[in-house]
Amino acid sequence: MAYDEQRDESRDSDPRFETAELQKMSAGRYIATRFSTLKPPMNKAPNPFKLLAMLNLQQWLFFLVGFFAWSWDAFDFFTVSLTVPDLAKQFGKENTQITWGITLVLMFRSVGSVIFGIAADRYGRKWPFVVNNVLFIVLELGTGFCQTYKQFLACRALFGVAMGGLYGNAAATALEDCPEAARGLISGMLQQGYAFGYLLATAFARGLVDTTSQGWRPLYWFGACPPVLIIIFRLCLPETAAFKDRAAVRQASGNLTGTFLAEGRVALKKHWILLLYLVLLMAGFNFMSHGSQDLYPLMLENQFEFSANAVTVTQVVANLGAMTGGTIVGYSSQIFGRRFSIIFISIIGGALLYPYTFTSSHKIIAAAFFEQFCVQGAWGVIPIHLMELSPGSFRTFVVGTSYQLGNLVSSASSTIESTIGERFPLAPLISAKGVKTARYDYGKVICIFMGCVFAYVIVLALIGPEKLGHKFDVAHDSDMYDAAGDDAVAAVVHGKQGMGHDAEKYVGEEKAMQSQTEITP
């Protein structure tokens, strides 16, 4: 194949050219392309088992450690959602006041994502990950020993900082070295660590809460144990190959810290609008997950008078639906595109809201399965969508911080729903002993709230960019050329690909193609 043909092929496949074209494109032209670019590319659908076989042992281990850490992040978060009535009784507060424990975690997560995201992009994925999990252990134990409401809120606020640093690192660890063709499927599987953690929290809450004289506390004490194993697991693994190459370029430049800061300046200058967009997108996604899940157990118990066993079964089935949906839609996004997959499954999710919130019998289990199939189906696309859109030098920071700032915006979801729900009282429940329990129409509030959220996500996905198939290596990162210089990148490309004296020529060709793109109308 002649070089000109190679260059043309690269222009079609290398997302660096899309980035340059987007920067040169007028607002009107960009808006006009949002519908035409939504057309599914209809990529070949490989056998999913063949995709899984593409991962080597180290790539599988990276995925598993990221998956388990993300699962336990979700477990720790949902311990509060599943023990709201117990905590309210313990601290003499209303349910709405206890949900502030959920809100504080969501609010302070963005602090952790900034701290641990920058640390992971500068010093590596490994040690920030380990420190993160050490904090999990300390703060989960601390929550279990809280004696006052103020101690509980303080512990959960600090816990939010620890939890905020994990998502970006887990995504980068699991997906950076993943074969390109398998990314959609692996992304869907990774995201379902969230649903898997919720499933585990539901099961263990049923087995540990109120089964001893310590009430709700054993659930939190137990939550501090698995991170010990996750830390040991991560210590046995090296840095990802993608980060090693990036670190090598910084080393070759002769000034590690200076180059890292230069990468930050380049990223902010070229991608600041994209970063704002990602925060807005993730706000919608976090409203989607927390709005549909956080208050749902309380709705089942309080409004529909489900028993503890019935609530547990419904939650388990819902999370099985979530795990199935995230995996299938994540895989499908490799075929139909990221944006199209998000929009399609969000429309289906909106259509299912009525049975999800207004079915008062146990038939609601089916609605819960399919609604969470849709919610987490859309989420299954997110890890790889964020990775592909993020600047390479700050991938952990951008993925984690956009996600957690979205969490910050949506942090009051459960409190909003709970507060508004209390404006719609139902007939109180009277026990055999004559004790009255207030009941509220939470289902109506969740339905309306989620309808607005789905509409918002559809609009944001429609107007946003997409970089399906974006390459993560430094040789295809135009930001790194600008920040570190051609010579530093050439040195790494030379060492990695064995290109000998052709390394400088290769880099020159890459830069030449980029320059040509910048004058493309």
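Each residue, glycine too, has its Cβ placed from N, Cα and C.
A TrEMBL annotation is a machine prediction, not a hand-curated record.
Lifted from TrEMBL, the feature list:
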DOMAIN    62-468  domain 'Major facilitator superfamily (MFS) profile'
TRANSMEM  60-78  transmembrane segment
TRANSMEM  98-120  transmembrane segment
TRANSMEM  127-145  transmembrane segment
TRANSMEM  151-172  transmembrane segment
TRANSMEM  184-207  transmembrane segment
TRANSMEM  219-237  transmembrane segment
TRANSMEM  272-290  transmembrane segment
TRANSMEM  310-331  transmembrane segment
TRANSMEM  340-358  transmembrane segment
TRANSMEM  364-386  transmembrane segment
TRANSMEM  442-463  transmembrane segment
Looking at the stretches 98-120, 340-358, 442-463, which one shares the most CB pairs under 8 Å with the transmembrane segment (272-290)?
442-463
Closest-packing stretch to the transmembrane segment (98-120), where packing means Cβ pairs under 8 Å, from 127-145, 219-237, 310-331, 364-386, 442-463:
127-145
Quick check for me: are there 3+ Cβ pairs below 8 Å between the transmembrane segment (364-386) and the transmembrane segment (219-237), leaving out pairs under 6 residues apart?
no
